[in-house]
Amino acid sequence: MSGFFSNVDWSEILQACLDTLAMLGGSLLLTVLLGLPLGVLLFLTGKGQPWENRWGNGALALLVNLVRSMPFIILLIVMIPLTIVLVGTSLGVAGAIPPLVVGAAPFFARLVETALREVDRNTVEAVQAMGATTRDLVFRALLPEALPGILAATTVTAITLISFTAMAGAVGAGGLGDLAIRFGYQRFQTDVMLVTVVLLLALVQLLQVAGDRLVRHFTRK
Amino acid sequence: MIRLEGVHKAFGDTHAALAGVDLEIGRGEVFGIIGRSGAGKSTLVRLLNGLERPSSGRVLIDGTDVATLSADGLRALRSRVGMIFQNFGLLWSRTVFDNVALPLRIGGASRAEIAAKVPALLERVGLSEHGAKYPAQLSGGQKQRVGIARALATNPEILLCDEATSALDPETTRNILDLLADLNRELGLTIVLITHEMEVVRQVCDRVVVLHAGRAVETGDVADVFLHPRASETQALIAEADEHVDPIGFDGPVVRLTLHGKAVLDPVLTRIARDTGTDFIILDGRIGRLKNTSFGRLTLGLVGGDTERAIAALRLEGEVE
């Protein structure tokens, strides 16, 4: 057994795990902070909504689609100059976070928009008919009603971010993906590959289960 | 109190939801708007609180044109006009208490005001014990009661009901309509009720407009419209509600007799039968209630005796066709 895992440096694995978690935590937080308002804006400027604006909505949608249609590995490289301006480096955990956020926020925003659209049309009308401002509508009705959907969107986004962090490993971000590529792929150390894959799987599973629980907890319908 | 003048409403370039509607609804009235799906009812009711704007024509509430109101003016108007919905329009993520409190919070009420007012509203609609529940835990009738309590929270003068009973079973529908009638009486609330069911109009409305393809084809007191429908669309709606079945095999003289008020409770038929020697066969019939009065509508086959005189005697009691 110890023979098979002879290549595995457990302290390095631990460090990689912590790096992956730091990238995930930091980028997920910023993705939600950026993507949630963007999603609300996409929804509010849509057809039949309070801030209906064809051009504004079209421009936002185009931006979102542009970023989303770019393969993440390319975005990582294209972003390098901007990343250096923003955080001073394109390497390590800090260097990975800007491209992760730029890659994930538009995706998250779309999911938020979809969740908002699923709020009962009568409920929205009822709240408008009470004399609500758009601000009331968003904070007192749309977001609370869409909370389960937004939590589900956050779970999906977190899982996408994990696969993005693995890719970011390819350009020097560190983390489990970096280990898998450097040792597992480039040096044919199958045991390292196996350990990282198992850890990534466990992380995804954990996130999914936790996300599903939260969604269930907040679903009253 | 509410006046519509030549109201048109078109969606897109082609489809006109409303094609020139004039209407006047008085204070304290229960006013029904009946028509089939697509007749323009939902659009019409949404004009009254500015959820929709007319393409042309004017919607006046107490003399103020809704279209000219600023955003603040519109919000002020909306606090005077409550609305309830077919699918209730409740916040499913919030408790019954919080649902009823929502319009108060939006209106900037204090915590103390809310704590005092919401329980009173819940009691008024018979939901005192359900404040902590979520809407999904309630029955359909209870959900609509939450909707009503919420609509009443800002002490509105007008209540708009958008197919408010269409998702409910007949008994629950009756209970909700009774509650609306009570509110109309106690609070002097003006109620505008849209429905596709004649029964609903018959039970609570004072006046009614029949809407067909975006036009008002008939307007009047419910008793008049119901007992003497002039427009073919009205006749069709009533016929559906009454489910007429023509019995087969009777080939003597047949009359349709309509009674209302006290005549319903008189032993009219047996008395005339004794006087004229004519017997009556009831081929079809219905005795019922129109808001505050009774009505009877019978299809009678006449057998033997002096049928001419029998018909003349029937004419003295009600209308004969």
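Every residue, even glycine, has its Cβ placed from backbone N, Cα and C.
Annotated features in TrEMBL:
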- A:17-211: domain 'ABC transmembrane type-1' (DOMAIN)
- A:20-45: transmembrane segment (TRANSMEM)
- A:66-87: transmembrane segment (TRANSMEM)
- A:93-112: transmembrane segment (TRANSMEM)
- A:150-172: transmembrane segment (TRANSMEM)
- A:192-211: transmembrane segment (TRANSMEM)
- Message: Cβ under 8 Å, sequence separation of at least 6 from the ends of the transmembrane segment (A:20-45): give me the contacting residues as numbers and ranges.
- Response: 51-53, 56-57, 60-61, 64, 93, 96-97, 100-101, 104-113, 115-117, 134, 138, 142-143, 150, 154, 157-158, 161-162, 164-165, 168, 173, 175-177, 200, 203
- Tertiary contacts of the transmembrane segment (A:150-172) (same chain, 6+ residues out, Cβ under 8 Å): 20, 23-24, 27-28, 31-32, 35-36, 72-73, 76-77, 80, 90-92, 95-96, 99-100, 103-104, 107-108, 111-112, 114-115, 143, 178-181, 200, 203-204, 207-208, 210-212, 214-215, 218
- Sequence-remote partners of the transmembrane segment (A:192-211) [C-beta within less than 8 Å, at least six residues beyond its ends]: 5, 7-8, 13, 16-17, 20, 151-152, 154-156, 158-159, 162, 166, 176-177, 179-180, 183-185
